[in-house]
Structure formats: C-alpha cells, structure tokens
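As given in TrEMBL:
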BINDING   Gly112, Leu136, Gly137, Asp138, Tyr139, Val140, Leu141  S-adenosyl-L-methionine binding site
DOMAIN    1-230  domain 'tRNA methyltransferase TRMD/TRM10-type'
Amino acid sequence: MRLDIVTIFPDYFAPLGLSLVGKAINAGTVDVAVHDLRDWTHDRHRTVDDTPYGGGAGMVMKPEPWGEAFDALEQASPLPMTVVVPTPAGRPFTQELAYGLAGRPRLVFACGRYEGIDQRVIDHCADAYELVEVSLGDYVLNGGEVAALAIIEAVVRLLPGVLGNPESLVEESHSAGHDQLLEYPNYTKPPVWRGREVPEVLLSGHHGRVAQWRSEQALERTRTRRPDLLGDDIRDEKRT
Ligand code: 6GU
C-alpha cells in the first residue's frame with residue numbers, strides 16, 4: 001500500500017518510523033511519503049490560509065496549494081487515489097471503515113489546520129478521486145495530523161503480514177466496533193500484586209469456566225460502558 005500525507009507539519013509524522021508501522025515500512029508492505037503543503041505555494045511567505053468569505057473567526061486553507069498538491073501526487077504514481085480528509089464533520093471512523101481503507105492501493109491524507117479547507121478542494125477530490133471524510137469522534141483536534149496517525153495505525157495493522165499473530169485480528173473481528181462486545185479484562189503474573197488477586201477462575205485451568213467468565217465480563221463491561229453496542233434485547237436482559 002502507498003500512503004501520501006499532505007500537511008503543514010511534516011514533523012508530526014516522525015513516529016511512523018516506529019513500532020509496527022515502521023516495521024511495515026521496512027518490510028516494504030507500505031510505502032509512506034510525507035509532503036509539506038507549503039512546497040506548493042509560490043509567495044515569499046508560503047501562505048496556505050486566508051480569511052473566510054462571509055466573515056467569522058479563524059482562517060481557511062486556500063485552495064490553490066491543495067490543487068497543485070493533488071495534481072503532483074496524481075502525476076507521481078498511476079495508483080488510484082483514495083483521499084482521506086480527517087475532520088470532525090466526517091463520518092465516524094470504525095473498524096469496518098479501517099478494513100475498507102486497508103483494501104485500497106493508495107491513501108492520500110489531506111491534513112487541514114485552522115477552520116478547515118476551502119470546500120471547493122473537497123468537492124474537487126470527490127469528483128476526481130475517491131473521497132472519504134473521517135471523524136475520530138465528537139471532540140475537536142487542532143488539525144488532521146493526529147487523526148491521520150490514528151487512522152494509519154488502524155489501517156496498516158490490517159495489511160497482510162503486518163501483525164505477528166493474525167489470530168488476534170480474527171478475535172477482534174468479533175469485538176468492539178464490529179458489532180459485538182468490549183474486551184474482557186486481562187491479567188498476568190504475579191498472582192497477587194499490592195494485595196490485589198487475579199480472579200481465581202483464571203488460575204483454575206478450567207477452560208470452560210474461563211471462557212464463560214470472560215464472556216460474562218465482556219457483556220457486563222459493554223452494558224455499563226457502551227450500551228449502544230448492544231441490541232435492546234441483550235441490553236435489557238436480566239443479569240444472571
Ligand atoms: Cl478526524 N480531525 C480533527 N481535526 N478533529 C477531530 C477529528 C478529526 N476527529 C475528532 N476531532
């Protein structure tokens with residue numbers, strides 16, 4: 001998979017060289033290029049923003065540098081582009097959307113700052129490429145950079161060969177975000193830590209009871225933290 005990131009803060013993406021994504025880059029599973037939007041400006045101040053038509057607070061990202069950026073990226077590779085615009089006004093990012101993006105050959109992240117990007121850039125991308133506006137949730141970040149990092153990590157770990165143990169993907173596909181339950185709590189050694197004991201059932205060696213306990217814990221957690229993930233029937237069911 002090819003990833004292009006367009007931003008006025010290329011340094012935000014240094015962590016892509018670390019951990020799992022870094023390994024995927026070194027293995028050649030993903031090819032990442034980070035681009036400074038200001039490279040497509042032509043004035044002395046490398047201006048990327050301007051005041052909003054109609055008035056109001058804040059600044060809007062000018063269309064011209066974005067247009068040149070997309071033209072240049074299009075020229076650089078024949079792979080069809082899926083443009084991902086992180087914005088709190090986007091569609092909610094879910095595991096299902098991560099799987100969808102993981103199936104695309106080339107993702108181009110357009111990271112906006114200020115009050116956003118001139119709408120004509122978004123409309124142009126919808127016409128010329130595949131466009132997905134994505135939100136991480138109902139809160140506001142200062143720009144798309146941190147959101148793009150999160151989306152990239154969620155997508156790259158789904159690519160074939162990236163996770164050490166593909167079984168963990170199978171388990172996840174039955175868990176949160178994929179219409180099931182939150183994960184049960186996990187424990188490791190020692191059996192007592194600062195007076196807190198590991199639940200006895202986990203030490204029992206009784207696989208059937210362990211599985212039963214875990215599914216109860218997962219259901220109870222989901223009921224209290226994320227009732228929206230449960231159907232009305234399960235949500236209202238009497239606890240046993
Ligand atoms: Cl994807 N971008 C920005 N700028 N803010 C956000 C967001 C995305 N998701 C939640 N807040």
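In case you wondered, yes, glycine gets a Cβ from its N, Cα and C as well.
Annotations in TrEMBL come from automatic prediction, not curation.
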Does Tyr139 (S-adenosyl-L-methionine binding site) have same-chain partners at least 6 apart in sequence with Cβ under 8 Å from its own Cβ, and which are they?
Pro88
Within a 10 Å radius around the Cβ, which one of these binding-site residues has the most neighbouring Cβ atoms: Gly112, Gly137?
Gly112
So which one is it: of the binding-site residues Leu136, Val140, Leu141, which has the fewest other Cβ atoms within 10 Å?
Val140
Name, in the order they occur in the sequence, the residues of the same chain whose CB lies under 8 A from the CB of Asp138 (S-adenosyl-L-methionine binding site) and which sit 6 or more residues away.
Pro88
For the domain 'tRNA methyltransferase TRMD/TRM10-type' (1-230), the mean pLDDT of the predicted model:
95
Reduced DSSP state (H/G/I helix, E/B strand, rest coil) at Tyr139 (S-adenosyl-L-methionine binding site) is coil
